[in-house]
């Protein structure tokens, strides 16, 4: 299927949130949906034991396999809808600012990335970022206009892999199944590299439990601040893979700085109404552990700072106070000044700070 047909099918069904849709390699944009296994819409996965937790509910699969040299700076781009923003004043692109949480990247070695299935694969984590100095990985993604970066480990064996990018939104994670998982997989071929064979692999489903401290968690401190109450945040999943001494591997996105990086392209298909969200306050859940939002490199070196993408940053606009909220959008809560009715679904109370349009 041609990319244009994929775009039309995906954009027509998109409604809210975010979707992984592009890869860059050493600053070179690989193209919209090239090498990407794409879901039918940008809705989250909420069941950690569902098969959708692997690569999402894939309905479109591109045949390209992207070449990634070992040690390359790899970017993964997220947008509210395929192509990025839902419109010129889409304040929720690349994702609603209320959707705080971590970002991770996993790899699984495969024989043929274009045709392999996703069940039974062994995954190892090559990048992670959580909460650091009051800022979440999602905050840096938004500041970077949808791009997040990591360094491909220099020591992993050459060959084909599935690359699983994941963003977890924790704004409503105080109750079980409240965390929202946004996931996508890319098909890559690593060139160069070494012979390291990661031992700390995990399976999906199975790597996460619904009660893990980084998944069932109240991230709100005093006055509704999203600082996890000043406590460290424990990133879900296995320990970050690192190369033996002398090689580099395992990294985390750094704070955004201004530079020139790949620019997402816009889809020509019509866009649905965007979802407006703001900071809710769940009433239960807990967070503990030792969070890790810094880079991990063997040999003591640090990854390059994340750079700011050149695609335009949408501005907050529109008359949200008079329009209905989209499915999964916020429709109430203390201090909420946006829509209080739902274009689809029913406005359901979650806690004093957050009500949401649900099916």
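Cβ atoms here come from the backbone N, Cα and C positions, even for glycine.
Feature annotations, courtesy of Swiss-Prot:
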- 1-16: signal peptide (SIGNAL)
- 171, 180: O2 binding site (BINDING)
- 189: N-linked glycosylation site (CARBOHYD)
- 251-296: compositional bias 'Low complexity' (COMPBIAS)
- 284: N-linked glycosylation site (CARBOHYD)
- 307-319: compositional bias 'Polar residues' (COMPBIAS)
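Features as recorded by Swiss-Prot, highlighted on the structure.
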| residue | record | DSSP (3 states) |
| --- | --- | --- |
| 171 | O2 binding site | coil |
| 180 | O2 binding site | strand |
| 189 | N-linked glycosylation site | strand |
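In this structure, the recorded positions under consideration are 180, 189, and the one with the smallest number of other Cβ atoms within 10 Å of its Cβ is 189.
In this structure, the CA atom of residue 180 (O2 binding site) is 29 Å away from the CA atom of residue 189 (N-linked glycosylation site).
Note: the CA-CA distance between residue 171 (O2 binding site) and residue 189 (N-linked glycosylation site) rounds to 35 Å.
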